[in-house]
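K.L.:
Shown below is the structure under consideration.
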Amino acid sequence: MSNLPAPISQDGPDQHDTQVASVGLPQTAPRSKGKPNSLNVPLYMQRNGNKVLVRRPKRKDDGALKGLARWFVANQIGLSCNLVALLFLAHSMPRAREYTSKFFTLSYYNQNTGKYFLGGDDWYLIAFFIVVLTGLRAGIMEYVLAPFARAKGVHKKKDIVRFSEQGWLLVYYSFFWPLGVYIYRTSTYYLSLHDLWKEWPNREMDGLMKAYTLAQLSFYLQLLIVINIEERRKDHWQMFSHHIVTSTLIYAAYREGHTRVGNLILVLMDVVDIFLPFAKCLKYLGYKTICDVMFAVFMVTWFIARHIFFPMAIYSVWAHTLIYMNGCFYGRELDGPHPPPANDTWLYIARPLWDTDAPVCFNHNFRNGFFGMLFFLQILTVMWFYLIIRVAIKVIKGGSAEDTRSDDEADDLEDPDEYVYEEAQPLEEEVGADEIDLKSWERRVARGKRSTTATGVSLPGHSDRKELLGRIGCEKQVD
């Protein structure tokens, strides 16, 4: 997200006393601080008016990686667009389509069943989704949400950034949550915990389920990138852990044939991520009363989805899985069930994560690991719900709904992205009138040039001799 540098004022030099020539070069002057207007402005950004950028204050955590992260944030729209354009350009070449088509289409289609299998080529589509989501997020934030916030009277940089981030989450979940509900509503396991585990391992799925699962996995992988290149928030490590566990669960459910329960859990998790961003957007726009109402709706939705239905799904993992799933299945034909491989460690359970042809197994060890990750997610949601209750108590006491979990770690300090500017003052140098080589100046004018040389100092833009002498206080001596 970057803008072009604003032009520096090019006003001509002011008049001074006799034998003083002035040129518009920056000179040290009292410093003034200001902030660029865009969300992510490159370091070379210059302000309008008679000011030039001097430096960006160096922070204690600045380094090569931090600078690379800022560069990526400032250029993620261009990078995403260029990568997609380059991919489409390569796809236009017939010889390359065998490889480039993997980025655009679902792989491993089975004509006999009309469904899709899984394998290593799925990473091509995941990579494409990550690039597209990165470009969409940055583009919508920069060119849609940020201008909308300014038009509604939001002027603080911090609030514009927060509004844009929450607005993007609202856009994303408003699309993928209804899609997940549609898949769940039209499935054979709708409102049945037992049917979540029947017909396992169902490693083949229809195109919509596969695209939905890979897109959700790409989104959380992209979030892992975002939270590590943008300014860190107070809940950075909680969110980092959440995204790691969620990405691992989605990927494991996809590779191990548990897409049904994966779909249910995503539906339960995503619904609250519609109401919370919506409430935050209302807060930044100044609609405090509606924000408080929406926050109450969010609390109720959170409690029902994440502390009633989600624990039910966790219980089903413990109580129902071993009834319908046990043993190992071999090959794409899923021959089995067979006993686990002899003299093998627990690695045979994880091997399908990277080896498509490895046997797919389920036993109490897999159940315990699956249950443990889901239970860890529940612990995180309980911790966050405690913070949410504190906000609700504040609202009841007359305050406003304000979620401080995602504030910057350095919010109490000086703005870390503040830029330092200086006034562009004239550089004054005394020169004697006798030292000016007027003949050389006349020869330059005769050759059609508009620059003047006076003791090594160039005065651009002055083609009249009388004006030149007037600039150094000699207008009364020359007619």
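Residue positions begin at 1 at the first shown residue.
Glycine is treated like the rest: Cβ placed from N, Cα and C.
Nobody curates TrEMBL annotations by hand; they come from automatic prediction.
Relevant sequence annotations retrieved from TrEMBL are reproduced here:
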{"type": "REGION", "residues": "1-20", "note": "region 'Disordered'"}
{"type": "TRANSMEM", "residues": "68-90", "note": "transmembrane segment"}
{"type": "TRANSMEM", "residues": "123-146", "note": "transmembrane segment"}
{"type": "DOMAIN", "residues": "161-397", "note": "domain 'TLC'"}
{"type": "TRANSMEM", "residues": "167-191", "note": "transmembrane segment"}
{"type": "TRANSMEM", "residues": "211-229", "note": "transmembrane segment"}
{"type": "TRANSMEM", "residues": "285-305", "note": "transmembrane segment"}
{"type": "TRANSMEM", "residues": "369-389", "note": "transmembrane segment"}
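Help me understand the surroundings of these features in the structure.
P.N.:
Remote same-chain residues near the transmembrane segment (211-229) are listed as 69-70, 72-73, 106, 122, 125-126, 129-130, 133-134, 137, 172, 176, 179-180, 183, 205, 236, 239-240, 243-244, 246-247, 250-251, 253-254, 259, 262-263, 266 (criterion: CB distance under 8 Å, separation of at least six residues from the stretch ends).
Same-chain neighbours of the transmembrane segment (369-389): 238, 241-242, 245-246, 248-249, 252, 258, 265, 298-299, 302-303, 306-307, 310-311, 313-314, 317-318, 321, 349, 403, 405, counting only residues six or more beyond its ends whose CB sits under 8 Å from a CB of the stretch.
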K.L.:
Where else in the chain does the transmembrane segment (285-305) make close Cβ contacts, counting only residues six or more beyond its ends and a cut-off under 8 Å?
P.N.:
149, 152-154, 163, 268-269, 271-272, 275-276, 278-279, 381, 385, 388-389, 391-392, 395, 400-401
K.L.:
So what's the average pLDDT for the domain 'TLC' (161-397)?
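P.N.:
Summing pLDDT over the domain 'TLC' (161-397) and dividing by its length gives 89.
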